[in-house]
Amino acid sequence: MSENKILDRVNSPLDLKTLTLKEMNRLAEEIRQLLIEVVSKNGGHLAPNLGVVELTIALHRVFDSPRDKFIFDVGHQAYIHKIITGRKEAFPTLRTYKGLSGFPKRQESEHDAFGVGHSSTSVSAADGIAAARDLKGENYHVVAIIGDGAMTGGMSFEALNHIGDTGRRIIIILNDNEMSISKNVGAMSQYLYQLRTGETYNKLKHNLENWLGDMKHGDDVLEVIDRVKGGVKYLVSPGSIFEYLGIKYFGPVDGHDIEALLPMLTAAKREEGPVLIHVVTKKGKGYTPAEERPNEFHGTGPFDIATGKKITKPGAPPTYTSVFGKTLVELAEKDKSIVAITAAMPEGTGTNLFAQRFPDRFFDVGIAEQHAVTFAAGLATEGIKPVTAIYSTFMQRAYDQVVHDICMQNLPVKLCMDRAGLVGDDGYTHHGVFDYAYLIPLPNMTVMAPKDENELRHMLLTAMEYNAGPISLRYPRGSGVGVNLSEPLHTLPIGKAETLREGRDLTIWAIGSMVAEAEKTADLLQAKGISAGVVNMRFAKPLDEDLLCENAAKTHRIVTMEEGVLKGGVGDAVMETLNRYGQMHMTAVLPFGIPDEFISQGDKKLLMHDIGLTPEQMAEKISHWM
Ligand SMILES: Cc1ncc(C[n+]2csc(CCOP(=O)(O)OP(=O)(O)O)c2C)c(N)n1
Ligand SMILES: CC(=O)[C@@H](O)[C@H](O)COP(=O)(O)O
Ligand SMILES: [Mg+2]
C-alpha cells in the first residue's frame, strides 16, 4: 500500500463512481505506471493498453459491469479492465504460467463477458448477447470495444450489417489509433482518417456548395438545406457509412479526455438503437518509446524502462521468422512470379523484408485472412506464385477458403504458417496446434514441416518449385535450433522422409520441431539399452509410405512425435497408413502429441512438461511401453 494512491482505493468498478475528474485522471497515470512496470518484466501488449487507459476508466465509470457487458475485440487491450475489475493484485502474474491471461476469459472473471484473442469477433458476440437480453426481456447495456484494425476484419462488417438491420440496442466503441499492429491499411482506415480530420464533411460540403453554386437558384436551395435538420452537416454526416447502415454515429471524440468521454458515453446509454462512438486515441500513450514505435511495442518482450530497449537472450539463434523472411526475398530475386501476402502482420511473419524489397509484389490485406487466402487463389489462377504468410492459429479463420477455393481447384498456393505448435504466453487462443489435423484430410494438399531453420529454407524453395497443387509448411515461434545456414539451397523430393539413425528395437517417426526432441529421446533410450531409430518425416502428407512399412516390418514398433493435436494428426495418419497396408496387426504404435484439451499459457518448456512431451518423459514412457 503506497501513500494515498487512488489505485489503492479501486478494487471494483463501483469504486470509480465516487472519484472526481481529477482523481480519475490521477488514476489513469497510476495505472499507466503499473502497466509499464509489469509489462517491462512479463512482456505483453503494452502500446494497445497505454492507448485505452482513460477510455476504460470512463467506460467503467458510466456503465455497470458485470451487469452491463463489455466485449473487447482481440482483448489484448483489456489489461486496465482487469486491473479495475478486482485483478490488480494478480496483475504481476499477467501472461505467466498459471497466471492471469493476457486476454479476457469467461472462466477468469464475471466481468469478462466473452473470451477473445482472435480479431473481429466482438461485434458479433455483442449482437448475440444483446439478442439474448431482448429475448429474455432483460435490461442491460452491451458494449463492444473494437480497434480500427479489428474493424478491417470481415466478421465486423457481417455483424454491422446484421445489427443495422435489426436495430439492436448495442454500443460499439471504435478505438481508432490509426494502427493495427503496424500502420493500419485499407479503405476503411482511409475513411476513418477522413472522419477524424473532418475531411469528409468539409470535402462534401465544399463540393455541394460548388455544385449548387453553379445551379440557377442554387443559393436558395443551399439556404433551404441549411434550415433542414442539422443542415448540410446532417446531409453529409461524416459518420454516414454507419448512419446508412442504421447505426448512429457519435464522435470523433478524444479518447484520452475523460471529461469529453463521460457525456458521450452517457448519451449513448440513452439511445434505443445501435450506436457507434468513434474514439480517437494514441497507441502507446504516456510512454515515449511506445508512442514513437507503437508497432514494436504492440506486443513486446521484457524491456528496460529507462531506454525502451528489449532484453534479449545473448547469442540466440536466428528466429524461424527471420530465416523465412530472408529466404523468401532471396527466392523472389530470381523468380518474379513470387508475391507475398500478409493479413496485417508484416513484422510478425517476416514479410516486411519482402515489402521493403518488392513493394509492388507485396500485399497487406488488413486483418482479413479469408480474403487473403482467396485473393491468393485468384492470383494463382493467373500463374502467379502467391506466398500466404499467416500464423497457424489465424489460418483457422480461412479454413473454407483453403478447402473450397484452393484445394478443390488444386491451385498452387503456398501456405506458410509461422507460430505453429505451442506459442507460450499468448495461451490457448494462439497455439498453432491444429494445422496438421486440418490440412492432412484435404485432397491435393501437401503438408511439410522442417526439422530446423536450415530445412525451412529448403522447404521454401521446394514450395516455390512445386506447382502441381497447394503446398503448406509450418514452423514454430522463436529461434531455430542454431544450425549452420550456409548449406546451398536445394529442393526436397516430395513425400520422402530422411532416416537420421537406424534402430534395432523401435523407430521414432518425428516431424518438424519434434525431430530434435526425438534425437534427444533416442539418446536417453540408448542409455537404457534401447536402440531407437529416428526418422525425420519432413512430410505429414504425402507420407513416405514405403519407408514407414519397411520400418514397421523391421522393428514392429513405431513411435510418432508431433507438436500438434493427436486427434486427426500425424500419428493418426501413420496408423491409418499402416492399417491400409495391412501392417497394423503386427506393429505397435505409440503416438506423442498435444492431448485433447486446450493448452493454457506460460513458458513453453513448462507447457511441454505438462503434456509429457519432454525427452525425459517420452523416454520413460517408451521404456515402459517396450
Ligand atoms: C484473426 C486474427 N488475425 C490477426 C490477429 C493478430 N492481431 C492481434 S491485434 C492485431 C491488430 C489489432 O489492431 P486494432 O484492432 O486496431 O487494435 P490496437 O492494437 O490498435 O489497439 C492483430 C493483427 C488476431 N489476433 N486475430
Ligand atoms: C494479440 C495478437 O494476436 C498478436 O499481437 C499476437 O499476440 C502476436 O503474436 P507474436 O508475438 O507471436 O507475434
Ligand atoms: Mg488500432
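Heads up, the Cβ atoms here are built off N, Cα and C, so glycines get one too.
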Open item on the list: For the thiamine diphosphate site that TrEMBL describes with G117, H118, S119, G149, A150, N177, Y287, E369, which of these is also annotated: H76, H81, H162, H404?
Closed with: H76
- [ ] Rank the binding-site residues D148, E369 by the number of other Cβ atoms within 10 Å of each Cβ, and give the residue at the low end.
- [x] D148
TODO: With the Cβ under 6 Å from ligand 3 as the test, give me the qualifying entries from the binding-site residues H76, H118, D148, G149, E369.
DONE: D148, G149
Open item on the list: In the three-state scheme derived from DSSP, which category covers E369 (thiamine diphosphate binding site)?
Closed with: helix
- [ ] Please list, in sequence order, those binding-site residues from H76, D148, G149, N177 with the Cβ less than 6 Å from ligand 2.
- [x] H76
TODO: Give the distance between the Cα atoms of N177 (thiamine diphosphate binding site) and D148 (Mg(2+) binding site), rounded to the nearest whole Å.
DONE: 7
Task: thiamine diphosphate binding residues H76, G117, H118, S119, G149, A150, N177, Y287, E369: largest Cα-Cα distance, in Å and rounded to whole number - done: 32
Open item on the list: Please identify, from the binding-site residues H76, H118, the residue with the sparsest Cβ neighbourhood, meaning fewest other Cβ atoms within 10 angstroms.
Closed with: H118
